[in-house]
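Q: Shown below is the structure under consideration.
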Amino acid sequence: MTDSTIRIAIVGAGGRMGRQLIQAVTQMEGVVLGAAIERKGSTLVGSDAGELAGVGLLNVIVGDDLSQLTDNFDVLIDFTRPEGTLEHLAICRQHRKAMVIGTTGFDEAGKAAISEAAADIGIVFAANFSVGVNVVLKLLEKAAKVMGDYTDIEIIEAHHRHKVDAPSGTALAMGEAIADAMGRSLKDCAVYSREGYTGERKPGTIGFATVRAGDIVGEHTAMFADIGERVEITHKATSRMTFAHGAVKSAIWLGKHDNGLFDMRDVLNLNEL
């Protein structure tokens with residue numbers, strides 16, 4: 001990929017996140033919207049992507065077949081669903097197009113497919129593209145190393161009523177950051193639900209609680225609770241635009257990488273801290 005203006009394609013262009021991504025592209029330097037894609041049969045196919053997102057005419061017509069638009073973009077941004085993202089991944093890999101993946105809810109096979117594709121193309125794959133959330137992940141690593149062994153750890157997350165996966169990808173990323181810092185596997189210590197007679201809390205576990213209500217953009221709290229005190233590290237998002245700007249920033253950053261699997265901590269250089 002060259003250092004010239006990067007052409008962005010957005011799938012799910014008519015959705016809440018898709019429209020925010022289109023807006024973000026128009027607000028940031030070094031990028032232009034090259035393609036916009038919606039699902040086959042959508043009434044939005046054929047409309048102008050800029051008018052769809054409320055930013056005026058962009059002369060980019062919403063299409064429904066990514067494979068026919070690969071000459072129009074350098075980086076694909078995908079915040080859709082796992083099955084769709086994996087289809088787009090195969091197309092991008094075939095045509096050597098980079099990807100920014102914000103889709104959550106992948107199973108192990110899906111994650112493996114992303115890792116394999118990164119041998120050929122550059123991919124930024126993150127549960128959350130907010131700068132603040134990724135700073136929180138770094139803080140959680142530090143807190144877990146100091147307090148993790150003697151505190152009860154709980155992660156509470158809340159999202160809007162339309163979110164289809166639980167716990168959120170961000171909540172799982174928080175759990176993984178904590179578990180990794182303590183030398184554990186999240187698979188072995190996560191507790192995802194409690195109901196009925198559960199007995200006392202088992203030491204060394206990481207609990208998850210989920211709220212789905214209203215129009216909550218995203219709220220996440222990690223709690224380290226001891227007798228007499230507790231530490232809570234919280235992030236609250238009030239607009240999807242924070243995720244959109246992070247995703248576009250990642251696309252720009254990918255311009256310097258022909259292949260490899262990265263996350264937002266790489267983009268923000270947080271791994272050096």
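Just so it is clear, glycine is given a Cβ too, placed from its N, Cα and C backbone atoms.
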Q: Have a look through Glu38, Glu154, Glu157 and flag the one Swiss-Prot assigns to the NAD(+) site that Gly12, Ala13, Gly14, Gly15, Arg16, Met17, Gly102, Thr103, Thr104, Ala126, Ala127, Asn128, Phe129 belong to.
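A: Candidate listed by Swiss-Prot for the same site: Glu38.
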Q: Looking at NAD(+) and its recorded binding residues Gly12, Ala13, Gly14, Gly15, Arg16, Met17, Glu38, Gly102, Thr103, Thr104, Ala126, Ala127, Asn128, Phe129, figure out the farthest C-alpha pair and report it in angstrom, whole number.
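A: Answer in Å: the longest Cα-Cα distance is 22.
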Q: Within 8 Å of the Cβ centre of His160, Gly169, Thr170, which other residues of the chain have their Cβ, at the recorded (S)-2,3,4,5-tetrahydrodipicolinate site?
A: Thr104, Ala127, Asn128, Glu157, His159, Lys163, Asp165, Ser168, Ala171, Gly218, His220
Q: Express the distance between the Cα positions of Asn128 (NAD(+) binding site) and Thr170 ((S)-2,3,4,5-tetrahydrodipicolinate binding site) as a whole number of Å.
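A: Rounded to the nearest whole number, the Cα-Cα distance is 6 Å.
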Q: By a simple count, how many Cβ atoms lie within 10 Å of the Cβ of Lys163 (active site, proton donor), its own Cβ left out?
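A: If we count other Cβ atoms within 10 Å of Lys163 (active site, proton donor), we arrive at 16.
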Q: How big is the gap, in Å, between the Cα of Gly12 (NAD(+) binding site) and that of His160 ((S)-2,3,4,5-tetrahydrodipicolinate binding site), rounded to a whole number?
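A: Distance (Cα to Cα, whole Å): 18 Å.
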